[in-house]
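Quick notes on the structure that follows.
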Amino acid sequence: MTEHGTIPTAPTGPAEPGALKEAIAAELAAARERSLAYTDADDDLLVRQHSPLMSPLVWDLAHVGNYEELWVLRAAAGITPLRPEIDDMYNAFKHPRRERPSLPLLGPDEARRYLATVRSRVLDVLDRFDPRDRRPLCADGFVFGLVIQHEHQHDETMLATLQLSGRPGIVRDDPTPPSRGRTKPDEVYIPAGVFTMGTSAAPWAYDNERPAHQIYLPGYWIDRYPVTNGEYAAFIADGGYRDPRLWHPEGWEWVQRTGTSAPLFWTWDGSSWWRTRFGRLEPVPEDEPVQHVCWYEADAYARWAGKRLPTEAEWEKACGGRTYPWGDRPPTGAEANLGHRAARPAPVGAFPEGASPYGVEQLIGDVWEWTDSWFRPYPGFVSFPYREYSEVFFGQTYRVLRGGSWATHPTVARTTFRNWDFPIRRQIFAGFRCARSED
Ligand SMILES: [Fe+2]
């Protein structure tokens, strides 16, 4: 599942036309290789709904092909629809996840054939694509970037489904980068001042990352590393789940209603914590960032630690204002744990090369990081290419997550990228780090 290369994942300048097309072809192939690997399983695994929170894997698979058909073949190239009768079934807005198993979905083999048919036409369109085409959907290959990123995002969703399925075997266990120990101190000070949030320049950035705008922040402290399993276990041992003073009122209601007392997939054997990871039971490693906690748990931990969650502006400023915390050079594998090189977060301290100019580490990769912010539009936001990508989600419903996880492909991991989810969600590969205001 490793797709690190020297491909310019999001072209940043007036790329030489042939190079851009070659890069797009390689990115399309890498995303598809991944989708097919995650669905290389018996039909029962693919058609079953493993959790009401998730689609059957076979829905994700055909949806990826349908999205590619809608945007590249129909919207950008004006090609007559191949399978218009299936559009409705694969429209995420018409059918919530819990409904999807009852739809007459394409079977696994039919879905794979549909994907292959669409893809061969997409490659024909790419062949004829003129990189000087400045229509908004085509400029810098945006529409190809849209479907490549979309497929990788669904690949990460498929991994979450596979984790929930509890079935071993489909996810291989790559070695984890060894910890090189923590750099001290544990918190980093970010001085007061103006910084540029979002982007107007990244060619494949989504509408919700745009436009770039200036934000003033007072000085604040932010953790150098995400909160680890060991630190989180101390919160549990100290009665964190039993103390209402630590919880947001809705979070406390959630704890009582669900009886939650640990991260998802954790079990206590009477003397230590274990976790189930892709069907295997193993001891919880102390120095890995905690994952599978919801926003309420992150918020409660931060209060217990005498801190708070960072806002998304604080998170992004700590990255230092470039495409990645370490600069504008795409990840090589030495800076961050991305793209499913391992099926787990790396221990804190594993990536000093990926530090931001402020010295904050592991901002990108390992775990998505919950922030204190609601998902809202930036000043000057313009919906593109469709309202249902971002705009319909804005408001006080979803909390923003930043930075990508070990399962996130580098093409979707940049310092301006915004993810969002309901504050009770735990199946995603999410953890957090803490911040605090200047004393
Ligand atoms: Fe989708």
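Residue numbering: from 1, along the chain as shown.
Glycine too: its Cβ is placed from the backbone N, Cα and C atoms.
Per TrEMBL, the candidate among His63, His95, His213 that belongs to the Fe cation site alongside His150, His154 is His63. Taken as a whole, the domain 'DinB-like' (28-158) shows an average pLDDT of 95 in this prediction.
Sequence-ordered, the extra residues of this chain that approach the Fe cation site, with Cβ no more than 8 Å from the Cβ center of His63, His150, His154, are Asp60, Val64, Tyr67, Glu151, Gln153, Thr157. Residue counts for the domain 'DinB-like' (28-158) under DSSP (helix as H, G, I; strand as E, B; rest coil) come to 86 helix, 0 strand, 45 coil.
The CA atom of His154 (Fe cation binding site) is located 13 Å away from the CA atom of Arg97 (gamma-L-glutamyl-L-cysteine binding site). Separation of the C-alpha atoms of Asp421 (gamma-L-glutamyl-L-cysteine binding site) and His63 (Fe cation binding site): 20 Å, rounded to the nearest whole number.
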